[in-house]
Amino acid sequence: MVALLSTTVLATIFVFGLLVMVHELGHFISAKLVGMGVHEFAIGFGPKIISKKIGDTVYSLRLIPLGGFNKIAGMDPDEPQDEKSFQTKPIWARMLVIISGSAMNFALPVLLFTMVFLTTGIDIPSNEPIMGTIMADKPASRANFQPGDKIKTINGQNVDSWKNFVAIVQDNAGNELTIVFERNGVAGKTTIKPEYDEKANRGIIGVMPLIEHRQPGAIESVTLAIKQTYMLAAAMLAGIVQMITGQAPADVAGPIGVAQMAGQVAQLGFIPLLQFAAFLSINLGLINLLPVPVLDGGHVVTLAIEAIRRKPLEKGSMQFIQMIGFSLLILLMLLATFKDLTRLKLF
């Protein structure tokens, strides 16, 4: 119990700390690039453990290792403004600084997935017409097929790839097929009748392709990491849209739920924890870009309005909008935390 708790605490600190620090680093780098002053860049929260001023910026390490923050000059309109202030920079520069945090949250998974692929290799489905996993109570298992069986012909037609094999099966739901196969160098022959799958609207026999493990090079690992990040982001965005439109239940985990998941994943090893951090980083990047006041996406919207109006929103309007956004976030956080506690059966 103690070991699990300590693992959960350490995993939570690592994941939350990494994600928030990378997010803030994005804001920091872009602010420096466009000539904004940054009073402080801090890793962690709470009392300072150590700090050092380099140029105009104080770099500090703080006691609570959960994330970090930036103090960018002129973010508050009531502050004295100069040429290095956020408010005096052109809109494109301010937008760049705002979206750079989320951009880093999308860049981090690419780095993490690249590390995972280079370390552990990748598992990919073979295009050879060789059977892998055989599902129970499906036509393939009832026909006594075994993993490793290589399909040679179907109804006298040569089968030269897994894609070719699948296409024939899908197009022949309910039709009897005569299959010639090879098992351990010995030819065999049997008949099988694909079932009709209503959801997929095609024939199936309940078999998966053979999985091959290989070690990709650096360039391929980066390419695969970009694709993986894109596919996850697209799937998460679709899920968010479905929740907003009521097409899917709003099953949102709060900080307690995320911490619990981090601890459970950490029990599986460091590589799964990196994959979890990548998944969560994409989630954080997408949520931060939602057009909700106080989130980065909300700031982008107000800057877009400023560009259209050619003047910023009035201070009272901005405060009201931010108050609404902050209230919504607090409400969502409370609901998510309540659901976490309910799942843990503390209520």
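Every residue gets a Cβ built from N, Cα and C, even glycine.
For 91-118, 270-290, 320-338, the entry in TrEMBL reads transmembrane segment. What TrEMBL records for 109-185 is domain 'PDZ'.
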Beyond the flanks of the transmembrane segment (91-118) by 6 or more, those residues with Cβ under 8 Å of it: 18-19, 22-27, 29-31, 33-36, 72, 216, 218, 220-222, 224-226, 228-229, 232-233, 271, 274-275, 277-279, 281-282, 284-286, 288-289, 296, 299-300, 303, 306-307
Secondary structure content of the domain 'PDZ' (109-185), with strand meaning DSSP E or B: 25 helix, 23 strand, 29 coil
Reported mean pLDDT - the domain 'PDZ' (109-185): 92
